[in-house]
């Protein structure tokens with residue numbers, strides 16, 4: 001029996017056979033496939049590397065095995081945001097991306113405009129190049145004068161043209177004798193209820209100023225009395 005044990009130890013002493021046997025503490029090593037550990041239970045931390053260590057970012061208030069009698073699972077370490085942190089919270093990604101602005105080598109070159117007061121000169125565009133201004137061979141492409149004719153021309157104006165030329169009647173509102181004095185404006189004191197109030201501000205207006213007040217003061221003299229004269 002002793003001879004067999006000595007031969008086994010001699011056989012295992014060679015380095016090439018150590019990987020075949022494997023470590024002797026495989027069943028007790030933390031992080032092994034058996035997950036045999038005396039101070040840790042199977043939970044979310046075992047899914048990552050170094051699961052047997054206490055994670056710093058793990059919410060301490062979410063520990064269901066804590067000493068508190070009443071568990072508050074809705075609380076977490078993120079409750080401290082807004083108290084010990086600055087008022088404007090900046091994410092870690094934004095903080096790392098802002099390092100580009102601090103490094104002068106990575107700073108972007110200011111873009112320069114192609115057209116400015118110096119480069120924009122009408123003489124450059126309107127110079128005589130010896131080429132036709134429009135049409136084939138022109139340096140700058142331009143639309144023909146009747147380019148927008150298709151947009152303004154309608155079927156009615158094209159097919160139903162008037163057979164004779166005539167002078168259309170002018171707008172009566174453009175006459176010099178036209179006035180809005182005779183129009184009755186909506187009273188601000190008697191016509192209170194109604195849906196014809198214009199504008200955004202629809203509250204009761206008691207200013208006494210109407211749309212034709214300026215025209216009435218211009219047409220009627222203020223010394224003639226309160227009764228307006230009859231106009232023929």
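Placement of Cβ uses the backbone N, Cα and C atoms for every residue, glycine included.
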From 131-141, 142-152, 153-163, the residue range that Swiss-Prot assigns the feature region 'Mn': 153-163
Of the residue ranges 59-77, 78-96, 97-115, 173-191, the one that Swiss-Prot records as transmembrane segment: 97-115
Within the region 'Mn' (153-163), residues counted as helix, strand or coil by DSSP: 5 helix, 0 strand, 6 coil
